[in-house]
Amino acid sequence: MFSEIEFGLLWNIEWLQQAATSFLNHLTNPNKRLFWGYSLATLVFVAIVYWLEYKRTGQWQWRRAFGRDVLLSTSSKLDVKIWLLNIGIKLWLIAPLLIAVAPVAISVNNGLNFVFGPSAFKGVSDSTVMLTFTLVLFLLDDFSRFFLHWLMHKVPALWAIHKLHHSAEVLTPITVYRTHPIESWLYATRLMLVNGITIGLGVYLFSAQLSFYDIAGANVGVFIFNLFAANLRHSQVWLSWGTRVENWFISPAQHQIHHSQAIEHHDKNFGSALAVWDRLFGTLVSAKSVSGHHSQTDPKLTFGVSDFSPSNIWQAYVSPCKDAVTSSFLSTLLTKLLTRPQTKNVSKARKV
């Protein structure tokens, strides 16, 4: 039998092994943004952007994105610390949510059967089922990302948590992981519900073993999104698709606008892959409208949050929680829950 100390050491060693595996997974899993294939594609886009800029100006602008003041800045170092620490936290906080996908799917399937009876969709080809499931899953996933992101900016308590991400003063591909554990949990819950609901609906409609079109194990929509320079969304490399395309798909430049400190850019471009949700909500801004007549001109945006600039993990994790508790909604709610109702003393006038 192991002693308590030995058991604790073994447990921590196992946790460290899982954390190391999770770290490597970011580089080898096509469902992760930092997958080596996407990183290579990103370098190709970077080379194209800087070559076009060189032809236009006669100067190489690579220091704007890869200079020491960017990669070795306090903000970038904090990005890396948060990313590595969150890898370990997610093993406890988010892994259990993955198990919940099946119960959600079963509940949705059973609920639909109870309300509507057996599905009338019979004899649908496997290719049609795959195409439908792939498309519906991608659309629901993308819209739910957009809507939760929109809520993160509109609800004070959620903004208190989300502003950690926006506090980055320079952008690098690691900045995508600069998120508070609470925000990570919310997005993981969103993913669990979207997958569970979509699978439950698919099983009910088609009564089939569901699968989606994938490339190297990643949903084809996710693969294409990441392949086309998704890593440059959080970077100092200004890459625009042009206004026509940006009316449908969010470019890296548009997401950089979302991070801009400029007042006119606040609460703009919430979308992940599709720009249609921003168009519907009236929050879409094209890169050309910011950079002027030339869509590839870097406007040199200023990033960060004016009232929050954490320099260490403690500030990054604790300050948002304090701000969330003291936000108008939660503060009012907690006050009502914790304050005992006072009995009103009604003074009776004496009769003379």
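Note: Cβ is positioned from N, Cα and C throughout, glycine not excepted.
Copied over from TrEMBL, here are the features:
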TRANSMEM  35-54  transmembrane segment
TRANSMEM  83-108  transmembrane segment
TRANSMEM  128-148  transmembrane segment
DOMAIN    135-283  domain 'Fatty acid hydroxylase'
TRANSMEM  187-206  transmembrane segment
TRANSMEM  212-232  transmembrane segment
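Sequence-distant residue pairs (6 or more apart) of the transmembrane segment (187-206) and the transmembrane segment (35-54) include fewer than 3 whose Cβ atoms are under 8 Å, leaving the two stretches without contact. Averaged over the domain 'Fatty acid hydroxylase' (135-283), the predicted model has a pLDDT of 91.
In the domain 'Fatty acid hydroxylase' (135-283), helix, strand and coil residues by DSSP number 93 helix, 7 strand, 49 coil.
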